[in-house]
Every structure is written in structure tokens, then in C-alpha cells.
Amino acid sequence: MILGSLSRAGPLPLLRQPPIMQPPLDLKQILPFPLEPAPTLGLFSNYSTMDPVQKAVLSHTFGGPLLKTKRPVISCNICQIRFNSQSQAEAHYKGNRHARRVKGIEAAKTRGREPGVREPGDPAPPGSTPTNGDGVAPRPVSMENGLGPAPGSPEKQPGSPSPPSIPETGQGVTKGEGGTPAPASLPGGSKEEEEKAKRLLYCALCKVAVNSLSQLEAHNKGTKHKTILEARSGLGPIKAYPRLGPPTPGEPEAPAQDRTFHCEICNVKVNSEVQLKQHISSRRHRDGVAGKPNPLLSRHKKSRGAGELAGTLTFSKELPKSLAGGLLPSPLAVAAVMAAAAGSPLSLRPAPAAPLLQGPPITHPLLHPAPGPIRTAHGPILFSPY
């Protein structure tokens, strides 16, 4: 019984507490390999002293994914174009399209900015009075109310003469933006226009933009530019007239938009400078200047043949003889003609020349035959082989 109990109770502790198994090998802790390159490369103690090639290999092998750098945005704000590289941007900036846009913007700024107008950000020059939106300097309250200025005010001193009053009419005097009347023609206006054209590389007369001063000089020496200048001044074959009639000596010159132009070479009349430029560029005007015939007229003319030309020459040679015969008729010639007509009744009779002196025909002296024998015409002769 005791042995049996011992044998039964023996295996129970083995089932209740499993035996502790000792690992055959000591498992060391696995080293973590993070994705960042700095801790990974920190494993190598001599990384800082390595060769650059080895550093590059280790960085490529153990380093993390390369971060994509954001590409800088390269664009042209004037032309509204975006580029993929700096070389494309430089090529665009050197091109004609960008240059034309820049010149147009500069020309618009120059037109809008006159000498009497200043930009909002520009400082006011010393001694200048502020102006309102209409370009007229504001007057003091005392002047608006009808009262004169103070005795010591700089507006009007006792010894200074008062300027003459000028009626403000919109017909005779044109006021500038600064409030002063603009003169009709300035002596230095042409020089200022030439300097402005050289600065902007733009011909305002022909509406042509160029890329260099040499091209501008070549354009100014060209035929088209000179022809338009002559048309405006009226010195060349193209004359300018006002639309409503001939110009009055006392009236100022009409602007170019209100004038018509007549080309005396081609006998063509146009109503504006745009049509004049088109006509000057046409083949018809160029051929007319070169002295060539008008192709539109010569196209419809038929070439005359050699027979017609010979007949014309013969008629021109016989015309004086027929005129002389009509003026001084000889009896012998008239008798010979009548005899020839009697001998061959089917022969064609020449048309008599029209007499220069209108009146009743004188037939009696002309019908008398001339003295002497008259040779009659022979009859037809037939040739036969037999």
C-alpha cells in the first residue's frame, strides 16, 4: 500500500510544476536598426575618419530614403509663364516676346506719367503745392468765399502786378494737367520725341517696335517712314486734306485722325493713316513709284496684233495725202477714178475723204473729162492649159 501510494503520488508534482528548461545558447538582445541614417551611421565609431567613398557607400546602404527637395517655382509675372528650369527662364528673358511686353508696359507708364503728374509714392518736390484729382491747386477758403488774401500773405503783394485774366473756354486754349495752357507746338518737341523713341526703341508714327538702335535708325531711313512723314507735312506726292473741306488759314491744323490723304501717283484717296499705311505697303503704290504700269489696267487690255498695228501706221501715212486731195482735187485724178469704176463695176470704191469746208458740193467742173486719150481697164483674162 505504501509503495502504491508512493507510485501514485510520484508523477503528480511533475504534472503540477513543469521542469524549468535551461536554454542551450544565450540569446543576446537584437540590435535595433532604425530608419534614420544618423543613429545607423553612429554604429561605426570611425565613420568621421573614413574615406569619402566609403562614407557614400555606407550612407547609400544604411541611410534612409532620400527626402525630395521641393523644386523652386520659376515664373515670369509679366508674361504669366512658368518654367521648369533656370535655363528656360533665361532664354525667355532674352527673347523678343518678353522684350515686347516690357516695352509696352514702359510705354504705357511713360504715357500715363507726364511732367505735371507724379506717382502716389513719389515725394513731392520742394516748393510745390498739393493738387487735387483734377490737377488744379486748391485755393484758400478766403478766395473761395470772395474775400481777398491777407495783407502779408504771399499770394498777392501790394507791389506785384496782377496777371491778366484768361477766359476758360474749351475751344481756343487746351489746358495741361498742371493747370497751365499747353502750347500748340514746341520747338524742342521733335528732339524729345526722338530721344523718347531711342529710349523705348519704338516708332510712334509707324507703330513699330525694334530691338536695337541700329534697327530704329534703319527704320527711320526707310521708304515707309519717310513717306508717312511727307504725307503728314504735305511735301511729297501724297497730300493731306481735312475731311470737311479745304483748310482755313486762321484755323489750327487738324489732327491726323481727322484728315484724308490723296496719293497723286496712284490717284487714290484714303480716309485715315491706317489706310494710308496699307496703301503705301501695297504692290500698286510700289509699282507706281517705280514707274511700272498699273497691273489692274494692263490686265484688261488686249494686246494688239501686228496687222492692226500695220494698218494704223498705213492710215497715219496716207492721212496727209487724203487731206491734200480733199483740199485741192485734180480733174485728172477724179476722171481716172470714174473710169476705173466704170470698167469694173464690182470693184470696191474707196470712201471719199470728208471735205473740211462744209457747203454744197461742186460737181460741174469736176465731171469734165481731161484732154487726151483715156486708157480703159482690161477685162478679165482666163488662163487654160489647152
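Every residue, even glycine, has its Cβ placed from backbone N, Cα and C.
Of the residues SER87, SER185, SER316, Swiss-Prot records the annotation phosphoserine for SER185. Swiss-Prot records phosphothreonine for one of THR180, THR248, namely THR248. Taking H, G and I as helix, E and B as strand and the rest as coil, DSSP gives the zinc finger (74-98) the counts 11 helix, 6 strand, 8 coil.
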